[in-house]
Amino acid sequence: MPSKNDLLSFRSEINNIDKNIVQLLAKRKKLVLNIAESKIKNNQPIRDIEREKILLEKLTNLGKKNNLNTNYITRLFQLIIEESVLTQKKLLNKFCNDNNLDLASFSFLGPKGSYSHIAASQYAEQNFKTCIENACLSFNEVIQSVENNQTDYAVLPIENSCSGFINEIFDILKKTNLFIIGEINISINHCLLAIKKIELNKIKAVYSHPQPFQQCSYFIKKFPNWKIQYTNSTADAMKKIVKYNITTNAALGSELGSKIYGLKVLYKNLANKKKNITRFILLSRKPVSISSKIPTKTTLIFNTGQESGALAEVLLILKKNKLIMKKLTSQNIYKNPWEEMFYIDVQANLSSSLMQETLEKIGKITKFIKILGCYPSENITPIIP
């Protein structure tokens, strides 16, 4: 059995190996940027799927020879390849739009510690050197701050894997003149938080935004005596229970928020589905130009009126033009319940002749159509060896 000194020696060696791994990843990233510049210069696509497959196959075979699990090597290098693609996309976007990536300001539903704050921080970290944060009290205030030229970008949650599309955002998108210029997916870990450790049956009131209550409904139903208190955001809920300082109060919020507000985590991962992801969109006053070399989405809303089969015709146009629909949802039109407004994500670049032709055809059979934006797709399809 190894002695304590042996254990410390082994751990020290592992620490050195981990340090070398990080340094090699940093060196790899520099080479990736050189490759991206070469691709831009020679007008080459960001991804080379065949090369990625060959690379991953060689690495998994090398892993086998060194007694490493194939799944482990696959997952590790899928993540490394994904980071390489995102790095190249960022550089290409800067080239296409001549953007200053040093500083940007973001508005989000606050206060700090909300999931919108987390999304804004992660997007800013990926794309800018410095971020100025503006926490807002409502989604409308988030939009207005950008419309009024107070901040550069608005961050809004648009759909959740547990609770679906957020209708309040649908209403905002119909009215605003801003454009969707990006998206980011955030893993949501709803936690039950309190001022101090407390037994669940002693909790009297739980505070949070309506969405977490909906996403954690299975857990909440187990405690019918809890009084549900709705707040503007999860972070607002955390601030409230700190302010009230009542030990029988609790909040649904993020683990990051618990650290910001000094709360105790009673339970983690309370969502109805284990994989709970919220998709956020970024909006700006100006649309962005997206290279044809980048996987892209175009988002639009339209109203077919009361014409029978009009939606089917729209979908048929997409099918005939071999365009992939990534999302379709609808909402009844206020004061006219017999009509619906449709929201659709199409895997295509707005500037392509095929997409322009498609929009022209759709425009002829719809009552209303609005392009919300064209932007890089957040999801990088992983390579399977």
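Here the Cβ of each residue, glycine as well, is placed from N, Cα and C on the backbone.
Swiss-Prot names Arg11, Arg28, Asp48, Glu52, Ser84, Gln88 for binding substrate. Of Lys19, Lys39, Lys41, the residue it gives for the same site is Lys39. Summarised as a single figure, the pLDDT of the region 'Regulatory' (286-385) averages 85. Under the three-state DSSP scheme, Thr278 (site 'Essential for prephenate dehydratase activity') falls in the strand class. Annotation for Thr278 (site 'Essential for prephenate dehydratase activity'): spatial neighbours Tyr115, Ala119, Pro157, Glu159, Asn160, Ser161, Asn185, Ile186, Ile188, criterion Cβ-Cβ under 8 Å with sequence separation of six or more.
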